[in-house]
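Visitor: According to TrEMBL, the protein carries these features:
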- 20-42: transmembrane segment (TRANSMEM)
- 33-289: domain 'G-protein coupled receptors family 1 profile' (DOMAIN)
- 54-77: transmembrane segment (TRANSMEM)
- 97-118: transmembrane segment (TRANSMEM)
- 130-152: transmembrane segment (TRANSMEM)
- 188-207: transmembrane segment (TRANSMEM)
- 228-253: transmembrane segment (TRANSMEM)
- 317-355: region 'Disordered' (REGION)
Amino acid sequence: MHSNWTCSDPNVTYKSTLYAATYTIIFIPGLLANSAALWVLCRFISKKNKAIIFMINLAAADLAHVLSLPLRIYYYIKLTWPFGRFLCLLCFYLKYLNMYASICFLTCISIQRYFFLYQPFKAKDWKRRYDIAISAAVWLFVGAACSLFPIMRSFSLQNNPNACFADLEVRQIESKVATVAMTATAELFGFIGPLIVIVFCTWKTKVSLRGFRIPLQNNSEGRKASRMVSTCAIVFFVCFAPYHINFFFYMMVKENVITDCLLRRITLHTQPFCLTLASLDCCLDPILYFFMTSEFQDQISRHSSMVAHILHSGTFPRSMSPSHPKEQHCQKQGPSISAASLGDPSGTTQVPIPIRARLLQPSAGTTL
């Protein structure tokens, strides 16, 4: 009963220091990694790679959030917001737009990997415009859904225009039933649904790869696919699972649905840690690109070697040039079959037809 409720919420004094320190640590690696990822994905990755559109959108979502981190760092150090209401709500909005766009695109990548593995011939007919249409639908849906987050906080700026982010109070909803229903719906579509899909796709992909009878480059492709789906699941569990488990209880505390003092204290003390974990996906997602595409690995390796050579010798290495004769010679070799038809949706494994013909040619003395 409300009349007997004497519990007072704890003052989480360390949250500003935690946010400022965490966002400072995330900013530089996140900015460099996602800028480099977008550059490599847009310029060097083969058009045959089936997941390229989703990876580009995932990197763009991460970069948008990373670019807002300096303003967050400034606020949590100074504890005042001089940049106006619009910019405060925009940065607040980008945080959740990044989170749920990342969840959706990770889910899309997992579904596509699973689907193309079990339907390899349909992978050859899959058009990039399908992925573009899916990505546009994701942005529209997530963009509209995430607008509720700044709407639920914007009213407090009227009383305290210098406050922002975690210091914005949550708008009180009169009906507790409506609070529970709205929070449960957000958890269902934003966390539980994608969680089930990613776990299922990861499990089925690993089972399929373990039972693959045809060795793909001495199982290297199988190991790469296994690492990819594992990384996708790890990013989801590390970054988003703690936040969404805490989010339900946090909303119940803020709307005074939960009145137990111990549960309220635990929820409010763990919420800053869960929120900072959700921002780590900006640094973990580039690992996913590295595992998904051999071209990404090659380009990162080439340009890292080039930078190291320039710093060491002060000259540009001719062997790093895109028009290197050895690379041109490799590109002139005969037609090839995409590995997408063999269940590799990344399309990065190429099996030269002349080599395959020689392997299938019967040896001398063999009777057909």
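Start at 1 and count along the chain as shown; that gives each residue its number.
Cβ atoms here come from the backbone N, Cα and C positions, even for glycine.
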Visitor: For the transmembrane segment (130-152), give me same-chain residues lying six or more residues beyond its boundaries with a C-beta closer than 8 angstroms to one of its C-beta atoms, as numbers and ranges.
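Guide: Distant Cβ neighbours of the transmembrane segment (130-152) are 50, 52-54, 57, 89, 92-93, 95-97, 100-101, 104-105, 108, 170-171, 186, 189-190.
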Visitor: Can you tell me which recorded stretch out of 54-77, 97-118, 188-207 has the most Cβ pairs within less than 8 Å of the transmembrane segment (20-42)?
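Guide: Looking at each of 54-77, 97-118, 188-207 in turn, the most contacts to the transmembrane segment (20-42) are made by 54-77.
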